[in-house]
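Undergrad: Below is a structure I'd like to ask you about.
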Amino acid sequence: MDLPCQDWVCHVEQKWAELRSEETERFSLLTDIDAIFNYGLSLICPEDLNILSRISEKFSVKKSPETASEFRQQGNLSFKVKDYPAAVLHYSKGVCHADKNTDELSLCYANRSAALFYQGLYQACLEDIRRSLEAGYPSHLQDKLQTRQTACQNQLRKAEKPNIPHTDHQLSPCQKTVNSTGHLSDGVSVYFSSDKGRHMLVMENKPAGEVVLEDEAYCSVLIPANIFNTGTNKAVETFGTEDRHCHHCLSQSLSFVPCPKCSYARYCGESCQKDAWDQWHQWECPVGADLLAIGVLGHLALRVVLKAGQTEVQMGIKNTKDHVTTYKNDSPVQLSLGGDCGKSLDHTDCFHGSSYMGIYSLLPHVAQHSPASRFLMAITMAVIYGKLQGGPPPNKWMSFKDEGVKASWQPEMSMLGATALRHMMQLRCNAQAITAVRVKEESGMAVQSSSEIRIATAIFPVLSLLNHSCSPNTSISFTTGFQPDPHNQLGCSEGHFDHPKGSRSGVTVTVRASKDLTAGQEILHCYGPHRSRMEVKERQRLLLEQYFFQCVCQACQRDLSEGSPNAKEHTAPGMKCVKCGKPLQSHTDGYTCSWSSCGHQISSADVQNRLQGFQLLLDEAVHLMEQDRLNEALHILQSAFSQANSILTETHPFQGELADALARLYASTGEWSLAASHLKRSLVAIQAQFGEDSIELGRQLFKLAQLHFNGRDGVASLSVIPRARRLLSLHCSPRCEELQELSEMEHCLQGLL
């Protein structure tokens, strides 16, 4: 939920509508962010704070012993049927809802330790045993914990012997060491020009797959999935991102440590818990429900300001006010890290690397936001600022720290709210979705589906400098948690900072060339609308609406020229004539057979209706598969396959989805050869849609290698692995799970053949 909840939006819209015309006009003319914030501050009253409090009741983050007990009991039910992963998730939610140092907390920890033990996670089990005892686990039950503790220690001692693997080989992400990030590779430089702003060029040839940039998120905020269930204070069955990922470093974990004050925030270990508390959570915690109500962007904007502190913000304000715009050169100028920043009023012609100034200097696009949108953001931040004043000011924002003097909110601290408003405006164009591949767990199928989902929203100071293309020459991947980087892939140059661990976010983006880049070429990133997934008009509409620019990338120019009134009819990709099977030509009103002797025509509406019908059949079949009703699903998929073949060629995206679903179904029944044959058919459609060097094709080849491996066809699996590895290596870290599994399969098969 990036934006505020609808109830709060409606309240602010009503407040906007009630303004007198002269007030509306006065606000609409304001372009200075401080003035916009102060105007919003002047309009709020205690009732606004009360209304937000009432709205946020449905997002309650209060501890609840009753809810903790419910989750523990649900965990017990999962434990009894040996569904240990689900048991751990239930126990973790119980841990988060239980009060500090209570029997309920100790019981949740103890039960979770048992579920972790049966998954072979012995180190994590020992940690939970320690936590349970520290929370006051009943003395008459401690024999069970001591027995489990001894068993864990024995297993870990066995694993220390050579050639004896064990499953608990990883440290908590919090315990891992970190290399500095936020740097460009050798041969990459930041430039500025009046038409492109800041952008990046490669100064030497870069082959596809080479890392060109690594950047660390300044801050990130998880996107909650179960936000509307939190207010019921009742245990719910499903688990969202907030239940699976550390709220500081975003790493996946099973054994979370909770915030001692609220039921929402949880961390992969005590280190992340402390770092988050020190940097922002001790001030976010009392207004946690309000932050869930105002949405991820408002929450992230506040978090950036809390982390930066008054000194950093004042430095940003002073530097921008001390300079006037003198930059008039139209030719690109190379920028050096921390170089002369006196050329522009807003520092948009400077390169600040990974520092806070890298965030502060991003354009807020004040004039491009509609007056109503500016009003919503201003009132929202003014009310949150008012809520924060219910507690002590953040340490980094206190005007004085004289011993014996009680800290209080000073008038000049309003810059906290104004700067948060600045960042909220910036995030409209500069927020970056953090994605992860998640396996769907609700299904009882032997073979489960996976999909890429958004788990968080972050802001990256260096990544934000990349310009957009609908057909980019880079791909990005994310790393979460504080992990070592033994590969040291980058020859570090500009933008290299050494941060103490406590100030780091643990969330890193790696940008790789997805195509061969030649010296002087601009590094381009896709903001979301991609040519392979969206028509040009829709892409341009979305980019103008959210990012305030008319895209003129090469892909858009090519697509627009093909669709111009002067352009000739062109072949409709993936479409064929229902009468003769020849390719269809698309035109303004519909489609015509390309074979002159046939000339059959079909309207666009008819085509859309057919495609929607195919999609409904596929959705129904997938639903049946998830219920393990495989025969019914197969009947529907075969019907959809027959109907689709009458009008769609093998390269149409729907044919790829259909073939993938059939492959999953046959894999569920152990018919590996049939599954592989259908998955091969999906490769044609995926390559046509995404390209022969795409990550999508690489992942599909990875699945094909798995099917051949499971079907004991080692020769076929070994023939697929090299191509899958090459494509995945273009887009992913060498440590990604897919590449590691490919190596394990290859090693196993080579030992057998």
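Positions of Cβ are set from backbone N, Cα and C atoms, glycine also.
Swiss-Prot lists these features:
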- Arg112, Ser113, Ala114, Asn467, His468, Tyr527: S-adenosyl-L-methionine binding site (BINDING)
- 186-528: domain 'SET' (DOMAIN)
- 246-285: zinc finger (ZN_FING)
- Cys246, Cys249, Cys268, Cys272: Zn(2+) 1 binding site (BINDING)
- Cys259, Cys262, His281, Cys285: Zn(2+) 2 binding site (BINDING)
Undergrad: Quick one, of the binding-site residues Cys246, Cys249, Cys272, Cys285, which Cβ has the fewest other Cβ within 10 Å?
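TA: Comparing Cβ neighbour counts within 10 Å for the binding-site residues Cys246, Cys249, Cys272, Cys285 gives Cys285.
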Undergrad: Where does His468 (S-adenosyl-L-methionine binding site) sit in DSSP terms: helix, strand, or coil?
TA: strand
Undergrad: Where does Cys259 (Zn(2+) 2 binding site) sit in DSSP terms: helix, strand, or coil?
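TA: For Cys259 (Zn(2+) 2 binding site) - judged by DSSP and reduced to three states - the answer is coil.
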Undergrad: On a simple 10 Å Cβ count over all chains shown, which one of the binding-site residues Ser113, Asn467 is most densely packed?
TA: Ser113
Undergrad: Give the three-state DSSP assignment (helix, strand or coil) for Cys268 (Zn(2+) 1 binding site).
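TA: Going by the DSSP assignment, Cys268 (Zn(2+) 1 binding site) belongs to neither helix nor strand, so it counts as coil.
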Undergrad: How does the model score the zinc finger (246-285) in terms of mean pLDDT?
TA: 94
Undergrad: In which DSSP state, out of helix, strand and coil, do we find Ser113 (S-adenosyl-L-methionine binding site)?
TA: helix
Undergrad: Starting from the Zn(2+) 2 site formed by Cys259, Cys262, His281, Cys285, give every other residue of that chain whose CB sits within 8 Å of the mean position of their CB atoms, in sequence order.
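TA: Apart from the listed residues, the neighbours are Val61, Pro260, Lys261, Tyr264, Ala265, Trp277, Gln282, Glu284, Gly288.
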Undergrad: Just how many other Cβ atoms lie inside 10 Å of the Cβ on His281 (Zn(2+) 2 binding site)?
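TA: So the number of other Cβ atoms within 10 Å of His281 (Zn(2+) 2 binding site) is 23.
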Undergrad: Would you kindly give the Cα-Cα distance separating Cys272 (Zn(2+) 1 binding site) and His281 (Zn(2+) 2 binding site), rounded to the nearest Å?
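TA: With distance taken Cα to Cα, Cys272 (Zn(2+) 1 binding site) is 11 Å from His281 (Zn(2+) 2 binding site).
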Undergrad: At 10 angstroms around each C-beta, which of the binding-site residues Ala114, Cys259 has the fewest other C-beta atoms nearby?
TA: Ala114
